[in-house]
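Peer 1: Here it is: the structure, laid out below.
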């Protein structure tokens, strides 16, 4: 689209993060605008995995975190050998979900990201039922091979959107700020503009 940018039509399957089983198929259009704004995504998915089962799995992850007697603190997840302590797997899964929002917002037509590592994580104790974590995540930028450090504040309760606020720093770009709200599980992405921390 000459005045807007390049538009792509995609068909792909989605998989369960842990089991790697196919959980659905999606059709999407992605418009990369000529401006430096995030891509405009329109997506429709059909799921082979039962939504009730997805909700039950979310509740299990949530309960594992809530059952901890002390705030969760961790560093270097996975470690240099690629291992993740079983007790930290739910924290890692939340980091993957939260950082996907950052990666989506920062991606451009010729620039993409992968989450390389959770450098640090700290749980905040709340008086309500939500769980909240501060993360420092390292994103691997493709094709530059640069590693970008992002601080991410994540808040979640099953059945509610995953709320993400973040700022990122890189050698070339200085600080970048953003905030958003992403739904938990496979229910789609919502946006929220607002104050950063």
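Glycine is no exception: its Cβ is also placed from the backbone N, Cα and C atoms.
Annotations in TrEMBL come from automatic prediction, not curation.
Relevant sequence annotations retrieved from TrEMBL are reproduced here:
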DOMAIN    1-53  domain 'Cystatin LXN-type'
DOMAIN    73-177  domain 'Cystatin LXN-type'
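How about a rundown of where these features are and what they're close to?
Peer 2: Per-residue pLDDT, averaged along the domain 'Cystatin LXN-type' (1-53), amounts to 84 for this model.
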Peer 1: What counts of helix, strand and coil residues does DSSP assign across the domain 'Cystatin LXN-type' (1-53)?
Peer 2: 3 helix, 31 strand, 19 coil
